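Take a look at the structure below.
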Amino acid sequence: MAAKTYDAGVKDYRSIYWEPQYQVKDSDILAVFKVVPQPGVSREEAAAAVAAESSTATWTTVWTDLLTDLDYYKGRAYAIEDVPGSDEAFYAFIAYPMDLFEEGSVVNVFTSLVGNVFGFKAVRALRLEDVRFPLWFVMTCPGAPHGMKVERDLLDKYGRPLLGCTIKPKLGLSAKNYGRAVYECLRGGLDFTKDDENVNSQPFLRWRDRFLFCQEAIEKAEAETGERKGHYMNVTAGTMEEIYERAEFAKEIGTPIIMSDYLTVGWSAHTSLSRWCRKNGMLLHVHRAMHAVMDRNPNHGINFRVLAKILRLMGGDHLHSGTVVGKLEGDREATIGWINLLRDRFIKADRSRGIFFDQDWGPQPGLFPVASGGIHVWHMPALVSIFGNDSVLQFGGGTLGHPWGNAAGACANRFALEACVQARNDGRNLEKEGKEILTKAAQTSPELRMAMETWKEVRFEFDTVDKLDVQHR
């Protein structure tokens, strides 16, 4: 029932939005925030303030509260937990009723969950750690245009991770030289090559020219190797009209896969492109450029596991998800948690991997996690062990930096991959026996032997900034 009286003044959030007795419903959208309150603000008041400001409340009581049933529509802070190792932060668990959100609109959900509340003065820092999307909401979102199984059937590639390479230097090449690099990598044994995230349509490399030279390279490499090949043609652009124009041209010339920078292009634009890909039989590779702006600070922002769930709802067939062993940020257990969220149909809550809620994806197909960023042949055993078959392992400098050229770099990576897959299938421990496995394989591959010699001293040993708030056993 709506309130029967109207009392003006600043709200006491705790009295309205803190409900520790609340029984969570299957239809609720659940969120867990890491909260650092301002000095003098109690945990219960801060948690209730987050629930209020991310749902129905404003800073004061208003007379129009009498015109609706606020008790039905409000978000509820229903639990508080300590954050391991922190004296200041705590976890606030909040439940939101289903009618607060537009069906199928990730944009609408997150306009509430990470909107004005993140600038709210009652908290010093706020981070969205996880979200449970109920099945009713999942079923209204497009999901992956095709998914892992359909992609494997289209490419006729089974039983191993897929291999890719980002063309370098990422900016500055002419279209003809860019296409030449694509051809050499694909001919050497890779499944895919890729535009980097900021390759759009610069004066030195207009998109139409790049698409044509890359497609020529794909067709030539396919004819020579007898394998299906592809290049992630980045259709990211400044307007939706330009995105569709580039996607349509890619379809017209016969390319199998295009690419989107889903965070910088915008969630509505990306969702529209994902729907287009499903209708037009086009695979969609997704880059996460800008993610670290939101997810790297351990106390403020949005955890990448939430960004990964958002992408799974909006749609993509591949998503960059860190490497654990390369140059980019990524705690091992957290990364494995992200991989599970992208690929599996149902994920159980697992705090050791940072997963707070069970998540049921229903019939939505899984997508390939992509390991990319500072990886080379010495990382291959660990990558195959961590990511398994259903993944894309993407070596940029680890292909193009080979002393003998791009084709040799691609050949070295393919040889290393197949050696690791065979060893794994034979029951060997890749992470313990990786050096021995690669050394033996290099006896019959001079390209691999040279790659191992080139990168034997290259390591990225910086500590991870965003670590899980749990002690691994």
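Backbone N, Cα and C define each Cβ position, glycine as well.
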Please identify which of His320, His402 is recorded by Swiss-Prot as part of the substrate site containing Asn116, Thr166, Lys170, Arg288, Ser372. His320
According to DSSP, collapsed to three classes, what secondary structure does Glu197 (Mg(2+) binding site) have? coil
For the recorded Mg(2+) site, enumerate neighbouring residues of the same chain (Cβ within 8 Å of the Cβ centroid of Lys194, Asp196, Glu197, site residues themselves excluded), in sequence order. Thr166, Ile167, Lys170, Asp195, Asn198, Val199, Tyr232, Asn234, Met259, His287
Of the binding-site residues Asn116, Thr166, Arg288, His320, Ser372, within 10 Å of Asp196 (Mg(2+) binding site) (CA to CA), in sequence order, we find Thr166
Quick one: of the recorded positions Lys168, Lys194, Glu197, His287, which has its CA closest to the CA of His320 (substrate binding site)? His287
Students should find that the Cα atoms of Lys170 (substrate binding site) and Lys194 (Mg(2+) binding site) sit apart, in Å rounded to an integer, by 10
For Lys194 (Mg(2+) binding site), the close binding-site residues (Cα within 10 Å) drawn from Asn116, Thr166, Arg288, Ser372 turn out to be Thr166
